[in-house]
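So the structure is just underneath, and the comments pick up after that.
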Amino acid sequence: MTTINKNEFLLEMTGISKEFPGVKALDKVNLKVRPHSIHALMGENGAGKSTLLKCLFGIYEKNEGDIVFLGKSINFSSSKEALEAGVSMVHQELNQVLQRTVMDNIWLGRYPTKGFFVDQKKMYEETKKVFEELDIDIDPNVKVATLSVSQMQMLEIAKAFSYDAKIVIMDEPTSSLTEKEVNHLFKIIKKLKEKGCGIVYISHKMEEIFEICDEITILRDGIWVDTRPLEGLTMDQIIGMMVGRELTQRFPEKTNTPKETILAVKNLTALNQPSVNDVSFELRKGEILGIAGLVGAKRTDIVETLFGIRERSSGDIILHGKHLKNKDAHEAINNGFALVTEERRSTGIYSNLDITFNSLVANVEQYKEGFGLLSNRKMKSDTQWVIDAMSVKTPSHKTMIGSLSGGNQQKIIIGRWLLTGPEILMLDEPTRGIDVGAKFEIYQLILELANKDKGIIIISSEMPELLGITDRILVMSNGRAAGIVETKNTTQNEILSLASRYL
């Protein structure tokens, strides 16, 4: 890779401004990245991080400001042009051709040739060479569809490296990874740093920022707040700069009071194993029940079985003393169940459709009038209720949901389900990919729903979240219930011990 003085900047974005009709998304924002460094880019959802990067890649045309890369003023017109110049991005949503091989994906559009034919031997050798440099152990000949999420991310990094990328931007790269996979990813990122790359690292996970980053740039409401070395900064200082105020507590004060049991789950077993096996628990009115467990504990399988997504082979689901079948999601919804799924982008939202559609899609039937026509008045009224009740920040109900921040998207999904009038609200990783300020708002919302006597089940991989918001925690281990603990009386060590019981 090209040698560059460590004191020089690889990338300088200076005074970048971007306006949309009625909104100034960026106001004179700066981002300067050095070689041999990992640079955190932080800010709440909606702070302008994505808009800034879209200006870099030419997806948006900036209104003012300068972009200098390797000492030259540039204005990329596309991601492809940026990649070929040496600026690459590893997205949250991985963009790969699943039915093609690993090496096909790396060299797509620039295959080495031998005469009129693709030189498969050279392509294999070049792929192995890149993998060896980055300590990646993947067979270049396997189809991408067979890879894990972490391997797909490593493939994206290898592709960037094969383009001799000087700047690699990583957007929430660990959101779907296990701890072991995260550690391996960090090793690869550090190798890129050693080779002279400048890495822009976007994450809401503070512990990762402190572990791996050298410098940090903080944005708030489209404005550049500060850029400084990470050394000497505290988590509270960063949060304060991100939210513009001191966040005195990470979780709202618990005000809900669990009452009588409304849901009893007895010996729940899913049809297709390995999955949930002989799981029993109760949920009380106004209670927030957490579900904890290590990766592979089958936490998600519980709520999917209750919601009719997974077929049940045995066991009972009893709501208010009545035995339910919940053979499919439609029946579960009619019985008062709602499920906010784990993968917001792939199974939660229709990103290219507006807020109205995304708010009402779970219960379209109730908006039908005579001749099967939809009531625009009621649809508009209910959409506005979702926006107001969930405190969604949006210019209009006609705004495409994909353009909103993750926190606002999640609020709309929760609002969508509240329109169905559920008694049991199940939330799978409800704050994944959401910034610290928006997390607090989601927690407040969950607490308000518990105070309105909803029974709430929360699955989370974040131990502080479970300990901060729940009343009791069901600990899963390898598809089985290892125990249920009172949140106020338990510890992280006890939960981890239970989570290992059936391994």
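Keep in mind that glycine also has a Cβ here, set from the backbone N, Cα and C atoms.
Some features that Swiss-Prot has for this protein:
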DOMAIN    11-246  domain 'ABC transporter 1'
BINDING   Gly43, Glu44, Asn45, Gly46, Ala47, Gly48, Lys49, Ser50  ATP binding site
DOMAIN    257-503  domain 'ABC transporter 2'
I want to check the contact list for Lys49 (ATP binding site): same chain, sequence separation of six or more, C-beta distance under 8 angstroms. What comes out?
Leu41, Met42, Gly43, Ile202, Leu219
Cβ packing number for Gly48 (ATP binding site), 10 Å threshold:
24
Counting across all protein chains shown, how many other Cβ atoms sit within 10 Å of the Cβ of Gly46 (ATP binding site)?
22
Counting across all protein chains shown, how many other Cβ atoms sit within 10 Å of the Cβ of Gly43 (ATP binding site)?
27
If you count Cβ atoms within 10 Å of the Cβ of Ser50 (ATP binding site), leaving out that atom itself, what do you get?
18
CB neighbours of Ala47 (ATP binding site) within 10 A?
26
Only counting partners 6 or more residues apart, tell me which same-chain residues put their Cβ under 8 Å from the Cβ of Glu44 (ATP binding site).
Arg220, Met242, Val243, Ser405, Gly407, Asp435, Val436, Gly437, Ala438
